[in-house]
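First the structure, in the form of structure tokens, and then the observations on it.
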There are 2 protein chains.
Amino acid sequence: MALTSETQTVEIALDERSYPILIGAGLLDHAASFDRAGAGSSALVVSNTTVAPLYAERLLRALQSRHASVRVLALPDGEQYKTWETLNLVFDDLLAHGADRKTVLYALGGGVVGDMTGFAAASYMRGVPFVQVPTTLLAQVDSSVGGKTAINHPLGKNMIGAFYQPQVVVCDLDVLKTLPPRELSAGLAEVIKYGPIADMAFLDWIEANVDALRACDRTALAHAVRRSCEIKAHVVGQDERESGLRAILNFGHTFGHAIEAGMGYGAWLHGEAVGAGMVMAAELSRELGRVDTAFVQRLTALIDRAGLPTRGAVIDPVDNAGRYLDLMRVDKKAEGGDIRFVVIDGPGRAAVCAAPDALVRQVIDRCT
Amino acid sequence: MALTSETQTVEIALDERSYPILIGAGLLDHAASFDRAGAGSSALVVSNTTVAPLYAERLLRALQSRHASVRVLALPDGEQYKTWETLNLVFDDLLAHGADRKTVLYALGGGVVGDMTGFAAASYMRGVPFVQVPTTLLAQVDSSVGGKTAINHPLGKNMIGAFYQPQVVVCDLDVLKTLPPRELSAGLAEVIKYGPIADMAFLDWIEANVDALRACDRTALAHAVRRSCEIKAHVVGQDERESGLRAILNFGHTFGHAIEAGMGYGAWLHGEAVGAGMVMAAELSRELGRVDTAFVQRLTALIDRAGLPTRGAVIDPVDNAGRYLDLMRVDKKAEGGDIRFVVIDGPGRAAVCAAPDALVRQVIDRCT
């Protein structure tokens with residue numbers, strides 16, 4: 001079956017590791033969506049206990065013409081399970097069923113499933129093909145695109161992983177209908193992110209369409225996913241392994257990771273932590289003289305309208321700012337103990353820079 | 001301090017991932033040996049409880065001019081510790097000490113230390129620089145070169161890992177003096193391997209020098225390490241990720257891995273299993289009409305003179321051949337359940353092919 005004419009494609013250009021992102025309605029049901037997956041005789045769909053009952057059966061049916069043997073493995077659901085122990089369930093399953101180097105892994109789920117399946121694919125027999133089938137807005141606009149895979153360590157988020165690109169990313173907009181409102185809002189945090197760092201016209205558009213997005217309007221979602229993927233593709237195409245530019249995609253994430261780690265993984269959704277983290281990073285940008293108060297207020301208002309927290313969590317009642325600083329010092333962008341912050345360097349433009357601890361403490365105290 | 005004129009260099013040509021192998025006496029003590037290591041302010045030397053007391057102090061001294069902070073982590077020694085649990089000790093140490101993306105990992109030890117440190121470097125923050133300082137003959141001629149890194153899984157050897165190239169490989173021939181004779185013999189298995197698969201003149205040379213090699217003659221060792229690395233560099237340069245040619249470097253390893261897994265990791269040294277595995281693979285080559293009996297006898301005699309076993313282990317008293325076949329079916333070269341054997345396709349030339357189970361059973365029964 002051919003893909004419908006409404007399917008849109010965004011290309012990630014990385015030489016021999018290039019691949020398309022397909023965006024459209026009902027893609028999950030079409031074998032043609034997975035033409036780029038690889039021709040291995042066996043495949044494993046890795047999902048979680050929430051998503052598998054909703055969509056695994058349909059994906060299996062679409063894949064049966066592609067692979068002689070396809071199975072589903074449902075992992076426990078939640079950021080707190082993004083661990084080596086859970087990852088090992090994938091390796092156990094692959095080895096118990098004699099999976100070989102051509103076995104294709106399909107990640108059917110949100111960011112946690114995508115990150116773990118991608119790292120499993122990068123590491124199993126030193127690399128097997130994999131496909132991203134993101135089922136959350138956050139995964140469709142951000143985590144499934146660009147080849148970052150990882151698991152968490154008790155001392156830091158995404159500390160153990162690989163840069164490993166999928167064969168194709170298949171974003172079925174219809175699956176977003178079953179997403180809980182809280183998760184949809186969390187995804188909007190990563191959509192909003194692309195505005196201040198790269199495209200103020202897109203920020204205007206989000207402001208005009210945030211209600212339609214929260215109502216799951218398919219046309220609005222299609223545009224948000226496509227434009228987000230275009231911006232991400234442009235950045236990743238220039239800096240696959242985050243040696244420079246790519247770090248700007250982590251706007252709000254340095255503060256956000258501290259919230260997630262400080263509260264215990266899973267207490268705040270990643271997108272919620274990024275929402276509050278963007279307010280803190282915008283406030284820091286203002287303190288550094290890069291943007292004005294109106295800009296911070298505008299971004300804060302939009303984050304609020306998206307249904308996201310605009311204040312960071314109190315993660316230590318005695319020395320809250322100190323605890324944030326400790327956790328941020330193990331951020332992957334840190335160098336020699338110096339935290340590197342992504343700041344807005346003027347509307348639509350981001351930069352990475354250091355900041356005095358005292359100033360960062362002020363921002364944390366004001367924003368939590 | 002400059003390197004001595006006696007230091008030899010073999011280049012691994014892999015575009016932007018190219019690197020040199022330095023071979024010479026006393027290299028461990030010279031900061032200049034590590035000029036290519038990377039300029040991070042911190043470094044971690046990963047070793048084991050056997051090697052660290054012998055050489056870690058000297059390496060630390062050489063590195064102190066390169067990195068503001070250098071520490072040593074000694075892992076438990078042995079193939080049975082090549083697990084996720086041990087690997088996690090490296091991540092725990094790196095995170096506890098705030099290691100960043102520029103932190104350099106040095107692998108000081110044999111194949112197990114090198115494989116685990118390499119995989120830790122590939123995965124920590126999705127990739128930090130690393131240096132191989134192999135202290136066994138086996139690691140100097142084989143496992144430290146070419147970027148294969150991995151840990152074992154209970155169901156298969158080296159099943160979880162990455163292709164990840166070091167910045168430089170530093171082979172100090174002097175450290176081989178402290179190697180137990182059994183380990184020196186195990187290393188000779190991988191030296192011998194290069195003859196039948198690629199260079200019969202080298203096989204002649206090994207036959208003439210095997211006694212000198214076992215006596216740790218420095219000139220003989222220098223030639224054996226250099227020629228082995230040259231052949232490996234040539235093969236890896238054409239096929240970094242083992243999509244074809246590189247598999248010939250696994251001559252003897254399909255049978256050998258079955259012995260290691262069947263006996264429990266650590267019971268046989270890897271090189272011992274490869275020694276017996278080469279006899280079995282040569283016998284299979286003869287059964288397939290690729291080489292004559294004289295060739296098998298010649299190779300078997302040399303393996304014996306190197307102090308290595310020439311018969312495989314009995315790993316199942318009831319159905320020994322069946323157990324070998326089961327274990328070989330999870331070999332990374334297997335495809336769709338078909339075992340792919342590296343055979344000698346005529347002296348000095350290897351090929352990868354399937355073989356009927358009945359024939360393989362005969363070979364196993366005859367060679368164990």
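Each residue, glycine too, has its Cβ placed from N, Cα and C.
The structure displayed is predicted, hence computed values, not measured ones.
Positions annotated as domain '3-dehydroquinate synthase N-terminal' by TrEMBL: B:73-185. Looking at the domain '3-dehydroquinate synthase N-terminal' (B:73-185) alone, the prediction's average pLDDT is 96.
According to its DSSP assignment, B:GLY111 (NAD(+) binding site) is helical. Annotated NAD(+) binding site per TrEMBL: B:77-82, B:111-115, B:135-136, B:LYS148, B:LYS157, in sequence order.
The domain '3-dehydroquinate synthase C-terminal' annotation in TrEMBL covers B:187-334.
In the three-state DSSP classification, B:HIS253 (Zn(2+) binding site) falls within a helix. As annotated by TrEMBL, Zn(2+) binding site applies to B:GLU190, B:HIS253, B:HIS270.
Within 8 Å of the Cβ centroid of the Zn(2+) site, not counting the listed residues B:GLU190, B:HIS253, B:HIS270, the chain contributes B:LEU138, B:ASP142, B:SER143, B:ALA189, B:LYS193, B:ASN250, B:GLY252, B:GLY256, B:GLY271, B:ALA273, B:VAL274, B:GLY277.
B:LYS157 (NAD(+) binding site) falls within a strand segment according to DSSP. Secondary structure from DSSP puts B:ASP77 (NAD(+) binding site) in coil.
The C-beta environment of B:ASP77 (NAD(+) binding site), restricted to residues of the same chain at least 6 apart in sequence and closer than 8 Å, consists of B:ASN48, B:THR49, B:THR50, B:VAL51, B:VAL112. Classification of B:GLU190 (Zn(2+) binding site) by DSSP places it within a helix. Within 10 Å of the C-beta atom of B:GLY111 (NAD(+) binding site) sit 25 other C-beta atoms, taking all shown protein chains into account.
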